[in-house]
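What follows is one structure encoded as structure tokens, with my remarks underneath.
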Amino acid sequence: MSASMPTMYEKGRPVPYMPEPVSQQPQKRARCAGRTLVKGLVGVLALLTCLHSLQLINLRSCWSDGAMDASAPQCPQATAVVPEKNGELWESLGQAFGSDAFKGRAVEWLGGAVRVPTQSYDKMAPVGQDPRWEAFGPLHDYLLKAFPLIHSTLKLTKVNTYGLVYVWEGSDSDLKPLLLAAHQDVVPVNPETVDKWSYPPFSGHFDGKRIWGRGSSDDKSGLIGVLSSIESLLERGFKPTRGVVLAFGFDEEASGIYGASAISKHLLSTYGENAFLLLVDEGGGFGQEFGGVIATPAIAEKGYIDVRVEVTSPGGHSSVPPEHTTIGILSQLLVHYEANPYEARLSRGTPMYWKFQCLAAHAPDVPHKLRKALKRAVKSDKALKEAQKELFKNPGFRAFVGTTQAIDLINGGVKTNALPEQAFAVVNHRIATDSSVDEAKEHDTALLKGLAHDFNLSYTAFGAQITGQDAPAYGTLTISDAWGVALEPAPISPIDAPEYALLSGTIKATYNAHRGLQGDDNIVVAPGIMSGNTDTRYYWALTPHIYRYNHYNAGNGTFLDNGVHTINESIEVDSFLEMIKFFTTLILNTDEFRA
Ligand SMILES: *[C@@H]1O[C@H](CO)[C@@H](O)[C@H](O)[C@H]1NC(C)=O
Ligand SMILES: *[C@@H]1O[C@H](CO)[C@@H](O)[C@H](O)[C@H]1NC(C)=O
Ligand SMILES: *[C@@H]1O[C@H](CO)[C@@H](O)[C@H](O)[C@H]1NC(C)=O
């Protein structure tokens, strides 16, 4: 990938820039629920927010409505924020983090965690029934040994046996605590690929530059990064004014069903709703995009639904077949799906629109035509369409903006001489941040209605009888939420809030400090989204300020080289050290922050 290729993050993996054009079929307009929400927040809170945050950041950081005010600067940037009261501690810790002695400790801390395999698998039975969960016990033993001050100072609660919640009490209980999340589990290593790794997947080997192994990047770097930072602060005798709570799930890679979901209940019953200042979890990092260094905290996640499409019709001997079997009918339904992809529409007031406005405002190598269209798009619908057309030449961008569909499972038939009485397929959708589960259901329901009629099928969609109640039908078509776990797109975290400016300023200060730079323009902070989901899917009620970002250095858009979810997963030690610095700066900055 070349230096100017932009990246969008899916669980720390970039969707690479692919310049081939895709054909588009104009369809129905999508509703803009997310836009309404954000516009509401922005409109009502903008002035207050600006006034509130003047002390912390300068005026440029007040986002304009983004909808129509073309004169306002797009993608205003916060200034770098460094600790003041704890400035000396921060400086001296920063120096210590640069020493060979600390590097050695950091390598050991992360390597040791990688050496405890904590793989999570799909469809595991609950804790206590499935013995595979017991793999997490040794990780807890390891953490206890590796971080003695944390375990003697913070209060640890084990939730559903393997979920870890650490509480570092602050001296001022009126201040909402900071919530830092990470996950203990890793995706399984395919045993057939073990000999293809440069170093064994659970070796935690350090080759002088990189730490190797499954989880070195996703997400033991986050887990150990947070703990390394806090252990170091404790060694210096730091006592927080604002509380810090750590939430470490143990099955994030398997949807967080037993981990984050239980932790969420625990935190809600202990602290209540909207009880945290902000929540920072894994997600985006920073890297080169269009010639600029861009940090991308994910402020939203796409929604999710798997739609099961099932056809039944009379069976019989295949020597006397009907014109269409259930498999033939299902095939036609699936062809119809693919011939009618969801329309993707770039709308003002959505995270992806803001991301592109940031690139237009701050990245030097955005092509002239695209930059011009984006700038004019603030006011002009025509320019917005032009910008969309340019951007969607990259199918990755298109996928991030719209609702996607992918037929991922199919099943039907038992024997070549028997007509199949039933056949089904499952269509996976990732729902656009400005759409909803209901909108996806309505879309699919309408999509198949014509064919249900043509094939004389009685049609039921998501529990509602659509057609066939009046006359006998030849067979049935049933579409449903395949596993009953549809997920709405995440609420969009505000970017005009002081909390976002605090995060942005922390990112800038960390980036500068790590490179000996000064100023506010060395790195640009641009909001992004996740196309997949993190443990934060269970944490929406805890705070509106959820940012998926751990300051991971993606360099020139080459997360893939780090082997996340595949062979050769590894992390550069320098990148890990910078993450530790980020968490330290964040803890100290939030400690001094007053909203
Ligand atoms: C893993 O890294 C080694 C070199 O260290 C390389 O030979 C091998 O091709 C890599 N495997 C993959 C799948 O990238
Ligand atoms: C639909 O199928 C039923 C049952 O085979 C049949 O009675 C009915 O006439 C068919 N309707 C049409 C419109 O073909
Ligand atoms: C991208 O590569 C260039 C040239 O090697 C380098 O100077 C720059 O620091 C890299 N960007 C990042 C974010 O690492």
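Glycine residues also receive a Cβ, built from the backbone N, Cα and C atoms like all the rest.
Curation plays no part in TrEMBL annotations; they are all automatic predictions.
As given in TrEMBL:
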type: REGION; residues: 1-22; note: region 'Disordered'
type: BINDING; residues: H183, D218, D281; note: Zn(2+) 2 binding site
type: ACT_SITE; residues: D185; note: active site
type: ACT_SITE; residues: E252; note: active site, proton acceptor
type: DOMAIN; residues: 299-448; note: domain 'Peptidase M20 dimerisation'
Check each residue in the chain of H183 (Zn(2+) 2 binding site) that is at least six apart in sequence and keep those whose C-beta is under 8 Å from its C-beta; list them in sequence order. D219, G222, L223, F248, G249, F250, D251, E252, E253, G256, G259, A260, E282, D535
Residues in the domain 'Peptidase M20 dimerisation' (299-448) grouped by DSSP into helix, strand and remaining coil: 66 helix, 34 strand, 50 coil
So, three-state DSSP: helix, strand or coil for D281 (Zn(2+) 2 binding site)? strand
Quick check for the class: what is the C-alpha distance, in angstrom and rounded, between the residue listed as 'active site' and D218 (Zn(2+) 2 binding site)? 9
Could you tell me which three-state DSSP class the residue listed as 'active site' falls into? coil
Mean per-residue pLDDT computed across the domain 'Peptidase M20 dimerisation' (299-448): 96
Find, among the recorded positions listed as D185, D218, D281, the one whose Cβ has the highest number of other Cβ atoms within 10 Å in the structure shown. D185
